[in-house]
Amino acid sequence: MARIVQASLAALLLLPMATAMHSSCILKKEQAMCLEKIQKANELMGWNDSFPGCPGMWDNITCWKPAHVGEMVFVSCPAELFRIFNPDQDTRVVSRNCTEDGWSEPFPHYFDACGFDEYESEAGDQDYYYLSVKALYTVGYSTSLVTLTTAMVILCRFRKLHCTRNFIHMNLFVSFMLRAISVFIKDWILYAEQDSNHCFISTVECKAVMVFFHYCVVSNYFWLFIEGLYLFTLLVETFFPERRYFYWYTIIGWGTPTVCVSVWAVLRLYFDDTGCWDMNDNTALWWVIKGPVVGSIMVNFVLFIGIIVILVQKLQSPDMGGNESSIYLRLARSTLLLIPLFGIHYTVFAFSPENVSKRERLVFELGLGSFQGFVVAVLYCFLNGEVQAEIKRKWRSWKVNRYFTMDFKHRHPSLASSGVNGGTQLSILSKSSSQIRMSGLPADNLAT
């Protein structure tokens, strides 16, 4: 289970290989290489079961070549795992003695020398932790997907809500929905089985899933950036053509991720076509995707600060009125509303080293971040005054039509039983009443 959540973390948080290449795949790779080395060593030494000594073995951490009794063998800590657990230290050495009873215990112990042991990745508390995080982000993305779908139906259904601002919101909602769907598809396709076979999968289908997944994640970041850019432009520019701006917003929001992910896919195909592209061994290639995302987060944070400054100036103007406490209350409310819309929470770990506060980052970004779509849909659709007013208007209109329909059926049962629906009946009544009024006009005129 650890590999599922770690791979999702690496992609969702755009981490380099040091975190993405989780221990299960590293150990699988090392084990395969070890077995080949042992087989070659046995052939060279003419080793068989009758020879005294210690056979070569893989102890789930390192590879031990065949040795004679009394021989001491030295091996280094696995380089890739050591860099993950001890990024600022030099590689250390572990030794074993070959005795008549077999191999001795490693000295020093793996945990003391390498910073990890063969039981650490399988510890029950760690598995429970990863299961909890996976359950948390699964619930979060499911909740967000349902809420965002409902919000999209509302915004598309009511024509009076069709404006540039809501069109941008709708594109952001779609990006959140695609992000949630891509996470579910990735977990289903790549990590359905509870083993490490995915480490050696290299099919076109799984690579296409990873490309789609990265595109959805990057698009989501860019539409958060578009929200910030639009609001800042709205506050700074007095008059600007929103429709023309929306055209460029669409190109940036969906076009830029297409270019970035396409370039990354081509480079990955020619220079690092290994596995299912879910692990990024080449950090330079990974920055083709990570660079634009980190840049959008940084620019959005600057826009956020600029918008807060503008809001402070507007709230402190004499025209706004109110005392100092009400001004700060409005400012706090506006700030809290903008944080999920701009994705400001991503700046907490955006520029920190990937090995710092791993568990906190995992819960914050994957767990709580999965509910961001839900929060945005609630704040900018269900709690929006325009949306609520339009829904209330439609509800009142429906109740009035239903009342007149029922009243008409009660007053004119013959027409109601003929199969004419309520809308047709109301139109017949209105036409009849207008004809009566028109026919009465000449008589009135003559009377005068």
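Glycine is no exception: its Cβ is also placed from the backbone N, Cα and C atoms.
Here the structure is a predicted model, which means the values were calculated and not measured.
According to TrEMBL, the feature domain 'G-protein coupled receptors family 2 profile 1' maps to 33-118.
The domain 'G-protein coupled receptors family 2 profile 2' annotation in TrEMBL covers 133-384.
Positions annotated as signal peptide by TrEMBL: 1-20.
Summarising the annotation, TrEMBL assigns transmembrane segment to 135-155 (among others).
The transmembrane segment annotation in TrEMBL covers 167-185 (among others). Within the same chain, residues 8, 12, 137, 141-142, 144-145, 148-149, 151-152, 155-156, 209, 212-213, 215-217, 219-220, 222-224, 226-227, 230, 246, 249-250, 253-254, 341, 370, 372-373, 376-377, 380-381 sit at least 6 positions outside the transmembrane segment (167-185) and bring their C-beta atoms closer than 8 Å to a C-beta of that stretch.
Annotated transmembrane segment per TrEMBL: 221-240 (among others), in sequence order.
According to TrEMBL, the feature transmembrane segment maps to 247-267 (among others). For the transmembrane segment (247-267), the list of distant contacts is 168, 171, 175, 207, 211, 214-215, 218-219, 222-223, 225-226, 229-230, 277, 285-286, 288-289, 292: same-chain residues at least six beyond its ends, Cβ to Cβ under 8 Å.
Among the features that TrEMBL reports, transmembrane segment is placed at 287-311 (among others).
According to TrEMBL, the transmembrane segment annotation covers 331-351 (among others).
Feature annotation from TrEMBL assigns transmembrane segment to 363-383 (among others).
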> Can you name the far-off residues of the same chain, 6+ from the ends of the transmembrane segment (363-383), with a Cβ under 8 Å from a Cβ of it?
Replying inline: 5, 8-9, 12-13, 133, 136-141, 143-145, 147-148, 150-151, 154-155, 169, 172-173, 176-177, 179-180, 337, 340-341, 343, 345-346, 348-349
> Are there residues at least 6 beyond the ends of the transmembrane segment (287-311) whose Cβ is under 8 Å from a Cβ of it, and what are they?
Replying inline: 14, 16, 214, 217-218, 221-222, 224-225, 228-229, 231-232, 235-236, 256-257, 260-261, 263-264, 267, 331, 334-335, 338, 342-344, 346-347, 350-351
